[in-house]
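Chemist: According to Swiss-Prot, the protein has these features:
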type: DOMAIN; residues: 33-216; note: domain 'BPL/LPL catalytic'
type: BINDING; residues: R71, G72, G73, R74, I75, T76, W77, H78, A146, I147, G148, G159, F160, A161; note: substrate binding site
type: SITE; residues: K143; note: site 'Lowers pKa of active site Cys'
type: ACT_SITE; residues: C177; note: active site, acyl-thioester intermediate
Amino acid sequence: MVDIVVTGLSANSVPYIEALERQRALHADVVAGRAQDTVILLEHPSVYTAGRRTEPDDRPRDGTPVIDVDRGGRITWHGPGQLVGYPIVRLPEPLDVVAHVRRLEDALIALLAELGIASCRVDGRSGVWIRGTAPDGTPRDEKVAAIGVRVAERVTMHGFALNCSNALDAYDRIVPCGIRDAGVTSLSRVLGRTVTPADVVPLLRPHLVRALSNGSAMPATPALPSAAGARA
(Lines of atoms letter the chains of each structure in order from A and count residues from 1; the text may use other names and numbers.)
(Lines give C-alpha, C1' and ligand atoms only; values in the text may rest on other atoms or scores of the structure.)
Protein backbone atom coordinates (compact mmCIF):
# COMPACT_ATOMS: atom_id res chain seq x y z
CA MET A 1 0.00 0.00 0.00
CA VAL A 2 1.18 3.54 -0.74
CA ASP A 3 0.72 6.37 1.75
CA ILE A 4 -0.27 9.72 0.17
CA VAL A 5 0.89 12.70 2.26
CA VAL A 6 -0.24 16.24 1.43
CA THR A 7 2.36 18.43 3.08
CA GLY A 8 1.94 21.96 1.75
CA LEU A 9 -0.47 23.62 -0.68
CA SER A 10 -1.19 27.25 -1.58
CA ALA A 11 -0.06 29.62 1.19
CA ASN A 12 1.64 26.68 2.95
CA SER A 13 3.90 25.87 -0.01
CA VAL A 14 7.22 24.23 0.85
CA PRO A 15 10.57 25.71 -0.29
CA TYR A 16 12.32 23.38 -2.71
CA ILE A 17 15.45 22.75 -0.62
CA GLU A 18 13.33 21.97 2.46
CA ALA A 19 11.28 19.48 0.43
CA LEU A 20 14.46 17.93 -0.96
CA GLU A 21 15.73 17.31 2.56
CA ARG A 22 12.39 15.72 3.47
CA GLN A 23 12.70 13.48 0.43
CA ARG A 24 16.20 12.39 1.38
CA ALA A 25 15.19 11.61 4.96
CA LEU A 26 12.14 9.62 3.85
CA HIS A 27 14.20 7.84 1.18
CA ALA A 28 16.64 6.68 3.86
CA ASP A 29 13.74 5.45 6.01
CA VAL A 30 12.16 3.50 3.13
CA VAL A 31 15.53 1.96 2.22
CA ALA A 32 16.02 0.91 5.85
CA GLY A 33 12.48 -0.46 6.17
CA ARG A 34 11.46 2.16 8.74
CA ALA A 35 8.78 3.73 6.52
CA GLN A 36 6.35 2.49 3.91
CA ASP A 37 6.14 3.65 0.31
CA THR A 38 4.97 7.27 0.33
CA VAL A 39 4.00 9.97 -2.15
CA ILE A 40 4.51 13.56 -0.97
CA LEU A 41 2.18 16.08 -2.63
CA LEU A 42 2.89 19.81 -2.34
CA GLU A 43 3.44 23.15 -4.02
CA HIS A 44 6.71 25.10 -4.12
CA PRO A 45 7.45 28.81 -4.17
CA SER A 46 8.77 29.80 -7.61
CA VAL A 47 12.06 28.05 -8.45
CA TYR A 48 13.97 26.61 -11.41
CA THR A 49 15.56 23.18 -11.01
CA ALA A 50 17.95 21.50 -13.42
CA GLY A 51 18.38 17.75 -13.84
CA ARG A 52 21.61 16.02 -14.80
CA ARG A 53 21.12 16.37 -18.58
CA THR A 54 20.50 20.14 -18.59
CA GLU A 55 22.46 22.00 -21.27
CA PRO A 56 23.87 25.53 -20.78
CA ASP A 57 21.51 26.93 -23.44
CA ASP A 58 18.48 25.55 -21.55
CA ARG A 59 19.08 27.89 -18.61
CA PRO A 60 17.84 31.46 -18.08
CA ARG A 61 20.12 33.94 -19.82
CA ASP A 62 19.60 36.68 -17.23
CA GLY A 63 21.38 34.97 -14.36
CA THR A 64 18.22 33.82 -12.59
CA PRO A 65 19.29 31.27 -9.93
CA VAL A 66 18.81 27.59 -10.76
CA ILE A 67 19.04 24.69 -8.30
CA ASP A 68 20.96 21.74 -9.76
CA VAL A 69 19.58 18.41 -8.59
CA ASP A 70 20.38 14.72 -8.98
CA ARG A 71 17.28 13.69 -10.92
CA GLY A 72 16.99 12.72 -14.56
CA GLY A 73 15.80 15.12 -17.21
CA ARG A 74 16.70 18.75 -17.81
CA ILE A 75 15.53 22.14 -16.55
CA THR A 76 12.01 22.92 -15.39
CA TRP A 77 10.09 25.35 -13.21
CA HIS A 78 8.09 24.81 -10.03
CA GLY A 79 5.83 27.34 -8.38
CA PRO A 80 2.41 28.36 -7.07
CA GLY A 81 -0.48 26.64 -8.82
CA GLN A 82 1.58 23.60 -9.83
CA LEU A 83 1.06 20.28 -8.02
CA VAL A 84 4.34 18.47 -7.38
CA GLY A 85 4.47 14.80 -6.40
CA TYR A 86 7.46 12.97 -4.95
CA PRO A 87 6.93 9.18 -4.84
CA ILE A 88 9.42 7.57 -2.47
CA VAL A 89 8.72 3.95 -3.33
CA ARG A 90 10.64 0.68 -3.50
CA LEU A 91 10.72 -0.70 -7.04
CA PRO A 92 10.13 -4.40 -7.70
CA GLU A 93 12.73 -6.75 -9.14
CA PRO A 94 13.91 -6.80 -11.86
CA LEU A 95 14.60 -3.08 -11.55
CA ASP A 96 12.88 -1.10 -14.33
CA VAL A 97 13.08 2.67 -13.95
CA VAL A 98 11.32 3.33 -17.26
CA ALA A 99 8.34 1.27 -16.08
CA HIS A 100 8.15 3.45 -12.96
CA VAL A 101 8.02 6.59 -15.12
CA ARG A 102 5.30 4.99 -17.26
CA ARG A 103 3.24 4.22 -14.15
CA LEU A 104 3.40 7.86 -13.09
CA GLU A 105 2.34 8.89 -16.59
CA ASP A 106 -0.54 6.42 -16.46
CA ALA A 107 -1.81 7.86 -13.17
CA LEU A 108 -1.73 11.39 -14.56
CA ILE A 109 -3.34 10.41 -17.87
CA ALA A 110 -6.15 8.71 -15.91
CA LEU A 111 -6.62 11.86 -13.82
CA LEU A 112 -6.86 14.04 -16.92
CA ALA A 113 -9.38 11.66 -18.47
CA GLU A 114 -11.51 12.00 -15.32
CA LEU A 115 -11.41 15.77 -15.85
CA GLY A 116 -12.47 15.34 -19.48
CA ILE A 117 -9.04 16.07 -20.98
CA ALA A 118 -7.54 13.83 -23.67
CA SER A 119 -3.81 13.45 -23.02
CA CYS A 120 -1.07 11.10 -24.14
CA ARG A 121 2.52 10.01 -24.03
CA VAL A 122 4.80 11.18 -26.83
CA ASP A 123 7.38 8.86 -28.36
CA GLY A 124 10.85 9.51 -26.96
CA ARG A 125 9.66 12.11 -24.42
CA SER A 126 8.69 11.62 -20.80
CA GLY A 127 5.75 13.34 -19.19
CA VAL A 128 2.11 13.85 -20.14
CA TRP A 129 1.15 15.79 -23.25
CA ILE A 130 -1.85 17.45 -24.84
CA ARG A 131 -2.23 18.04 -28.56
CA GLY A 132 -2.44 21.82 -28.88
CA THR A 133 -1.86 24.60 -31.38
CA ALA A 134 1.13 26.92 -31.77
CA PRO A 135 0.62 30.71 -32.15
CA ASP A 136 0.98 30.33 -35.92
CA GLY A 137 -1.88 27.81 -35.99
CA THR A 138 0.21 24.69 -36.56
CA PRO A 139 -0.35 21.61 -34.36
CA ARG A 140 2.12 21.13 -31.53
CA ASP A 141 2.53 19.03 -28.40
CA GLU A 142 2.06 20.88 -25.11
CA LYS A 143 3.40 19.41 -21.89
CA VAL A 144 1.01 19.53 -18.95
CA ALA A 145 3.07 17.32 -16.60
CA ALA A 146 6.84 16.88 -16.38
CA ILE A 147 8.54 13.83 -14.87
CA GLY A 148 12.10 13.35 -13.64
CA VAL A 149 13.23 10.67 -11.20
CA ARG A 150 16.22 9.17 -9.46
CA VAL A 151 16.60 5.65 -8.07
CA ALA A 152 19.08 4.66 -5.36
CA GLU A 153 19.09 1.30 -3.58
CA ARG A 154 15.90 0.42 -5.51
CA VAL A 155 13.97 3.32 -3.94
CA THR A 156 12.80 6.29 -6.01
CA MET A 157 13.07 10.03 -5.44
CA HIS A 158 11.81 13.14 -7.24
CA GLY A 159 8.75 12.62 -9.44
CA PHE A 160 6.22 14.74 -11.34
CA ALA A 161 5.03 18.34 -11.68
CA LEU A 162 1.47 18.90 -12.94
CA ASN A 163 0.52 22.37 -14.16
CA CYS A 164 -2.88 23.15 -12.60
CA SER A 165 -3.61 26.86 -12.15
CA ASN A 166 -0.11 28.32 -12.49
CA ALA A 167 0.84 31.06 -14.92
CA LEU A 168 3.06 29.84 -17.77
CA ASP A 169 5.30 32.86 -18.32
CA ALA A 170 8.11 31.42 -16.15
CA TYR A 171 8.71 28.86 -18.90
CA ASP A 172 9.53 31.66 -21.36
CA ARG A 173 12.92 32.16 -19.68
CA ILE A 174 14.10 28.57 -20.17
CA VAL A 175 13.91 25.72 -22.66
CA PRO A 176 11.48 23.52 -20.68
CA CYS A 177 12.89 20.00 -20.34
CA GLY A 178 15.28 20.92 -23.17
CA ILE A 179 12.53 20.57 -25.80
CA ARG A 180 12.38 23.42 -28.31
CA ASP A 181 9.62 22.24 -30.67
CA ALA A 182 6.82 21.94 -28.08
CA GLY A 183 4.89 24.14 -25.66
CA VAL A 184 3.54 23.98 -22.14
CA THR A 185 -0.02 24.23 -20.86
CA SER A 186 -2.08 23.79 -17.69
CA LEU A 187 -5.32 22.13 -16.64
CA SER A 188 -6.94 25.54 -16.13
CA ARG A 189 -5.93 26.74 -19.58
CA VAL A 190 -7.25 23.61 -21.28
CA LEU A 191 -10.54 23.55 -19.36
CA GLY A 192 -11.16 27.29 -19.43
CA ARG A 193 -11.74 27.42 -15.66
CA THR A 194 -9.56 27.50 -12.59
CA VAL A 195 -8.43 24.09 -11.35
CA THR A 196 -6.10 24.33 -8.35
CA PRO A 197 -3.75 21.74 -6.87
CA ALA A 198 -6.17 21.43 -3.93
CA ASP A 199 -8.94 20.55 -6.40
CA VAL A 200 -6.76 17.89 -8.02
CA VAL A 201 -5.39 16.08 -4.96
CA PRO A 202 -8.52 14.05 -4.04
CA LEU A 203 -8.98 13.02 -7.68
CA LEU A 204 -5.35 12.05 -8.18
CA ARG A 205 -4.96 10.09 -4.94
CA PRO A 206 -6.70 6.84 -6.08
CA HIS A 207 -4.90 6.88 -9.44
CA LEU A 208 -1.52 7.11 -7.70
CA VAL A 209 -2.39 4.36 -5.24
CA ARG A 210 -3.53 2.09 -8.09
CA ALA A 211 -0.46 2.77 -10.23
CA LEU A 212 2.16 2.51 -7.50
CA SER A 213 0.66 -0.37 -5.52
CA ASN A 214 0.90 -2.67 -8.52
CA GLY A 215 4.51 -2.21 -9.48
CA SER A 216 4.81 -5.43 -11.46
CA ALA A 217 2.05 -4.49 -13.92
CA MET A 218 3.15 -2.84 -17.17
CA PRO A 219 1.07 0.14 -18.29
CA ALA A 220 -0.88 -0.13 -21.51
CA THR A 221 -1.27 3.50 -22.60
CA PRO A 222 0.47 3.80 -26.00
CA ALA A 223 2.85 6.60 -26.97
CA LEU A 224 2.05 8.75 -30.01
CA PRO A 225 4.50 10.32 -32.48
CA SER A 226 5.29 13.95 -31.70
CA ALA A 227 3.26 16.58 -33.53
CA ALA A 228 6.52 17.98 -34.90
CA GLY A 229 7.43 14.55 -36.25
CA ALA A 230 4.00 14.12 -37.78
CA ARG A 231 4.49 17.39 -39.70
CA ALA A 232 7.94 16.43 -40.97
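Cβ from N, Cα, C; glycine included.
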Chemist: If you measure from the Cα of K143 (site 'Lowers pKa of active site Cys'), which of the recorded positions I75, F160, C177 is the nearest?
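Modeler: Among I75, F160, C177, C177.
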Chemist: Do me a favour and check the Cα-Cα span between W77 (substrate binding site) and C177 (active site, acyl-thioester intermediate); whole Å is fine.
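Modeler: Approximately 9 Å lies between the Cα of W77 (substrate binding site) and that of C177 (active site, acyl-thioester intermediate).
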Chemist: Can you tell me how far the Cα of F160 (substrate binding site) sits from the Cα of C177 (active site, acyl-thioester intermediate), in Å?
Modeler: 12
Chemist: State the mean pLDDT for the domain 'BPL/LPL catalytic' (33-216).
Modeler: 93
Chemist: Which is it, of R71, K143: the one of these recorded positions whose Cβ has the most other Cβ atoms within 10 Å?
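Modeler: Buried the deepest by this measure is K143.
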Chemist: Taking the residue listed as 'active site, acyl-thioester intermediate' as the reference, which of R71, I75, A146 (the binding-site residues) have a CA within 10 A of its CA?
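Modeler: So the list reads I75, A146.
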Chemist: Which secondary structure state does DSSP assign to C177 (active site, acyl-thioester intermediate), in the simple three-class scheme?
Modeler: helix
